[in-house]
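Below you'll find the structure, written out as structure tokens, and then a few comments.
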Amino acid sequence: MFAEGQIQKVPILGKESIHIGYKMQDHIVSEIVANIKSSTYILVTDTNIEDLGYVESLKTKFEAAFAKDGIKSRLLTYTVAPGETSKSRATKAAIEDWMLSKGCTRDTVILAVGGGVIGDMIGYVAATFMRGVRFVQIPTTLLAMVDSSIGGKTAIDTPLGKNLVGAFWQPVNIFIDTSFLETLPVREFINGMAEVIKTAAFYDAEEFTRLESASEIFLSTIKKRDAKDPRRVDLSPITDTIGRIVLGSARIKAAVVSADEREGGLRNLLNFGHSIGHAYEAILTPYILHGECVAIGMVKEAELSRYLGILSPVAVARLAKCIKAYELPVSLDDATVKARSHGKKCPVDDLLRIMGVDKKNDGSTKKIVILSAIGKTHEQKASSVADKDIRFVLSEEVIVGEAPVGDKKSYTVTPPGSKSISNRAFVLTALGKGPCKLRNLLHSDDTQHMLEAIELLGGASFEWEADGETLLVTGNGGKLTAPAQELYLGNAGTASRFLTTAATLVQKGDKDHVILTGNKRMQERPIGPLVDALRSNGADIAFQNAEGSLPLKIEAGVGLKGGLIEVAATVSSQYVSSLLMCAPYAQTPVTLSLVGGKPISQFYIDMTIAMMADFGVVVTKDETKEHTYHIPQGVYTNPEEYVVESDASSATYPLAYAAMTGHTVTVPNIGSKSLQGDARFAIDVLKAMGCTVEQTATSTTVTGVPNLKAIAVDMEPMTDAFLTACVVAAVSEGTTVITGIANQRVKECNRIEAMRVQLAKYGVVCRELEDGIEVDGISRSDLKTPVSVHSYDDHRVAMSFSLLSSIMAAPVAIEERRCVEKTWPGWWDVLSGVFNVPLEGVTLAKTVSKAESGLSKPSIFIVGMRGAGKTHLGAQAANHLGYEFIDLDQLLEKDLDTTIPQLIADKGWDHFRAEELRLLKQCLNDKSEGYVISCGGGVVETPAARDALQTFKGVGGIVLHVHRPVSRILEYLNKDQSRPAFVDDLEAVWQRRKELYRSVSSNVFFAPHCDSAEATAKVQQMLGAFLDRVTGKSEFVIPHKDQFTSFLSLTFPDVSIAATMLPSLSEGCSALELRVDLLNENDEAIPSEEYVLSQLAILRQNVDLPILYTVRTKAQGGRFPDDKPVELANLVNLGLKTAVELLDVELTYPAELVSSVGASRGYTKLLGSHHDFPGALNWSSLEWENMYARAEAVPVDVVKLVGMAKSFSDNFALENFREAHTSSPLLAINMGSHGQLSRVTNTLLTPVTHADLPVAAAPGQLSVEEINQTRSTIGMFNKNLSFFIVGTPIGHSKSPILHNTMFKKLGLPYEYSRFKTDDAAAVNAKARALLAQGNLGGISVTIPLKQDIIPFLDEVSPLAQQIGAVNTIIPGPNGTLKGDNTDILGLVNALTRFGANSLDKKTALIVGAGGTSLAAVHGLRSLGFAKILIANRTLSKAEAIADKFDNVEAVTLDSFVANKYTPSVIVSCVPATTFSMLDESNKLVSAALAASPKGLVLEAAYSAEATPLLKQVMDVEGWEFISGLYMLTEQGFEQFRLWTGIPAPKEVGEKAVLGN
């Protein structure tokens, strides 16, 4: 900085008006008073600056100066709220109105004391007040000092973007007092560094280099706060740095502004990073600061320069590394950005729209500052860039078009440095002593993680040279110390393995241990064998989460003993390389023995040994023992220079491009002398497939051929290249067999499975082998075009499929395109810029469901205790889904030709478990789709079986835990003597297995005890509904806010006490909320999972409504303990496992729980909730904004925000909030009596209560009836809506009493009437007239108009079209009429209610062939009847209907008897009055009743009288008669729902029609 009182002056626009100094408040005041005279000075600042005492200090100094010189001026002060939201029209207007009220005139001088927001806005006030008054900039933040205060650009923000309304208005002076920085918060300091880095990046390469090396001391200084006053910091260690960057940036900006004040071209350069950065800021403000958005914008604009072929990949990597070094974000995926913005999305279309109103643009052409090198721009102005190129850089996915066809060309491509060699070089130089210049390093995410970790461990210092092409590493000879923070390695598998061993050499430092961790996928990847080897040699390592994977806790100061170390090398050669490189630093020489068979990827082991020799340590191979190495003690000596080969794995992509397109491609720096096994790819794979290959010691050239041929190849020396080989094999003649690649199952993903699944999308058939894959090549013309290719966040998957997609005639979308940055950040630039393959950025619609698996019909593996019902329910499940059922125990007995008891008696339990595991794995592999497989109860006792089931679950398979009351299971098992006896006590077995079932299962189905056929049928119905939810066949649809939906909040401690009341309690509700936290099981604070499952089952048994599953914590007004996160997670996940329709997720749940629920929701919809019980928030507070954004970030399907009203006006504030937040469905209400109006005006899933509940779930809750009556009173319902029935005769129709009773029950102000007519045109005329007035509610259609009305309708549902009849008319959008048919549902529900699902469904009989009979056929088919018979007096009519369907047959009495049919259901579609006159029908029904021992007879005619058919059935034992009135009410309930959007109150409706 500067000595106190020392002032540096910088000229701008011909005047030395920029004054820079330290503690210069006296200078500021004296300069203003002496040289900028005025009657009124106005000091405008924000509350943060005011709270720090600066305003009072300046005020005192001004008043002293006025008094001293006898000046009769006044100083007024005005304070605004801090933050970007204050930079608005409203704030500007408020300041101007206040100034006018204070009598300010043209001579007023405004002093802007604050950051960029204050400077920009107050400058604009000065520019417009009285047509312009003088103002002075006094910046207090680093960002304002180096950027926004200089140049006279003033502005405010608008909803469409930042700084769009403003003026050029130069300040009289800019006083930069760096002492203000001593109270600058850490985040604001870092925020300001973005502008410093920006200036250096486009203008000053030397300063950029200085910034690269200064981050560590800069950050450590600004973070070291004064213990007595944490707001203050001692900046003395970086005095010179701050002085230099402030003065340097001010000079650069002043020079540019002086040359181009009005932004004609040159001044645009100051906007590097801002074109895209401002677009991000417009969306992310106020969560993400200006500098943070500019940091992301700089990286994106640099990537754009690279994509256009102007900027080198090294320069982009340097810029990103420098930005990250100052803890600024480089992408939206930055964890801090996600956390602060609550994961708010920045849609590319929105970003481009915002960029479209940038001031630099030339009409519709966007202009962006393009770098050509660090410190240089492509042009001396912003350059014109096409939208498609910007879109590509901003997009997360890419559409790959067809490569140019025609003349064959030659290309030369140099891939980035080898990741394998780069990472080894980092470890060796860090463990080595002295300086070493590393050239051609890979700049990637992986190597960046390695570099950052080595720096944190103190292993080496790094300095970039030659524009970032060379890295000077100065190693510390293996002296590593434990850092304060954990080492985060992302998904960098190589870094994790190499650093695991290196971390054992660490001495105690800031901590006495080292934590190695990574992202979610990294925490699934194996590292167990390496840890086992290190532990056996004395290292103290603990798994922090899952056994065998990161995160690891490694104790410091322990080291390695040396001597013999054994490691399994059949999974990863990196375990071996890790041990080899660190072995010289063990306490004694090391003998490394590789056990378990032939090592995988021997080439990489040889590479490590060769590189160790280059650094002075020679490894010798044992001459007698296979796979054994001797490593001496020592310290590596760093060579002066080490050149990293290009990555041979990456080189396979351009070479394969040549093979597939017929072009010629040369990779100039990889040849036969390469250290890397993948260098053999061209010879061993492409040449064998028919390509022309020329390979020298240092280069490789491939020319493709029209007809590639399949090969068999062992790719063990080059396993990473197998993915490239697969896509070439896909268009080769014959079947390619690739082996030796078992390790590829445990890379970034299971790559063998990934290639099989994704190639299938192209129509290419693959088969997985134990250590490889078979690929059936097909003709290019037979390739199918996938909707999209899933990359699994795996760089090699993405790059491989980009090649296959480039030879497709139709474009292909590839997801997660950025994953290539792991090894080749510029791959897409090569594909587009070198090979001219058309690329287009795209944002694909994301559906949150099961993990990408390629399993269209995932099999269901059932686990659970013996006696839980696995076989019985499994067979039912298979029947319901149309899958094949297998009992694993029975299959095993058949396979081994023995019984399980005999097998155990002969060979013991261990042998049985081994055979069971073998068969399980076989089924998981061969029967992964279309099966329901019941496993033995003890399968989970075998760890490998659990692993296999969990793996299957992880790729989208279903592992279903079937359970029933434990007491019933134990009771059954104690009686069962047919199976092997348990070794342990049954209760102990259950307690042991309970957790194991939970760990492997994706879902759980609880079957309650059944004591009747009806109860058994209900459980079967529950199972079918459950399976439909799990498989996505039935998915809850979030209602539209215009539908007036609600849910009943159940508050019973045990819902069984209200089981029979549930239908009446829930009348008019769209869902039931089970408050799990309110359940009381034996006065325990937390109910058991079995108790919760039993409660859910009671709800499912008694009400067919969706369930909202809620575990409300005490902090959010519930009863669940806040200090039980594990138990909370278990209960929340139980809701997901039962596939509830809706799950409440408190937005204040632990972040990892919210994240896991969001990722594993299946088809469950999420309701993200926050409740302000204390009433601390008002609806204009930022906290509600944050909660809304946090909910969208999960993302949830419904946002639920609940405030506490303190006055009636809080309801209007809530409605303003609702109106402003429409991007996600919003349930927003106020609690308390003052807030009851909000429950009326909220129309989406309003929580309601009922008079018969023990208590209301929240203060102020109302019933459905109360809410609807109020809505009616205040005009939310249209009282003039008309509902009626049409047809003739309708005088005795029960529909009016049905609907009017239901309207009244729910407090709806409607009337249902009759319109007698047989003229469809008259119905249409009346309906259209009512539609025009907005007064049509709905119409029931009966005979004779069900067919006649169809031509008059605008739309007819598919079901009604199939039947050819409409019984319901619904008003549609834009004055349309839609026809539907609810008769089918009426018929199905009536039969189901009386137990149709428990009957034998071989045959059903329909009597009559009129319009209703078509509905009957559809209904019976949907119930699962295998054969349907139809009889009619006129046989041809029955035959006409039968001909429309499979398995429907027209019968006569004679054919019925002759075929000995045994129907279990009879449906009469003959009018009740004519049935007795039909002698044939009478006889046929009599024959059917006699043919079966039991069944149901449904009379489809709506008659309340005792009909002839009823009398006929009453005399037959085992048969039950169902009145047509049940069908009437059931179809009417569906009509009611279609018209109102509200479920019908069935109990009162039915009672009105049927009586008691």
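Don't overthink the numbers, they just go from 1 along the chain as shown.
Glycine is no exception: its Cβ is also placed from the backbone N, Cα and C atoms.
What Swiss-Prot records for the Zn(2+) site is Glu195, His274, and among His290, His342 the residue it adds there is His290.
Cβ proximity to the ATP site centre (mean Cβ of Gly864, Met865, Arg866, Gly867, Ala868, Gly869, Lys870, Thr871, cutoff 8 Å) flags the following additional same-chain residues: Gly937, Val962, Arg964, Ile969. Taking the C-alpha positions, the distance from Cys819 (active site, for EPSP synthase activity) to Lys1200 (active site, schiff-base intermediate with substrate) comes to 35 Å.
Per-residue confidence over the region 'Shikimate kinase' (858-1049) averages 88 (mean pLDDT, predicted model). Against the region 'EPSP synthase' (400-837), stretch 1-387 shows more Cβ pairs under 8 Å than any other of 1-387, 858-1049, 1050-1266, 1279-1556. Here the region 'Shikimate dehydrogenase' (1279-1556) touches the region 'Shikimate kinase' (858-1049). Their Cβ atoms form 3 or more pairs under 8 Å, with each pair 6 or more residues apart.
Distances between the Cα of Gly869 (ATP binding site) and those of the recorded positions His274, His290, His1171 are shortest for His1171. The two recorded residues, His274 (Zn(2+) binding site) and Met865 (ATP binding site), have Cα atoms 62 Å apart. Sequence-distant contacts of His278 (active site, proton acceptor), defined by Cβ-Cβ distance under 8 angstroms and a gap of at least six in the same chain, are Gly161, Lys162, Asn163, Cys293, Gly297, Ile354, Met355, Asp358. Most Cβ neighbours within 10 Å among the binding-site residues His290, Arg866: this distinction goes to His290.
In the three-state DSSP scheme, His278 (active site, proton acceptor) falls into the helix class. Taking the centre of the Cβ atoms of Glu195, His274, His290 as the Zn(2+) site, the nearby residues of that chain (Cβ within 8 Å, site residues left out) are Leu143, Asp147, Ser148, Ala194, Lys198, Gly273, Gly277, His278, Gly291, Cys293, Val294, Gly297. Residue pair His290 (Zn(2+) binding site) / Lys870 (ATP binding site) shows a Cα separation of 59 Å. Met865 (ATP binding site) sits 39 Å from Lys1200 (active site, schiff-base intermediate with substrate), taking the C-alpha atoms as the reference points. Long-range neighbours of Glu195 (Zn(2+) binding site) (same chain, six or more residues apart, CB within less than 8 Å of its CB): Leu142, Leu143, Val146, Asp147, Ser249, Gly291, Val294.
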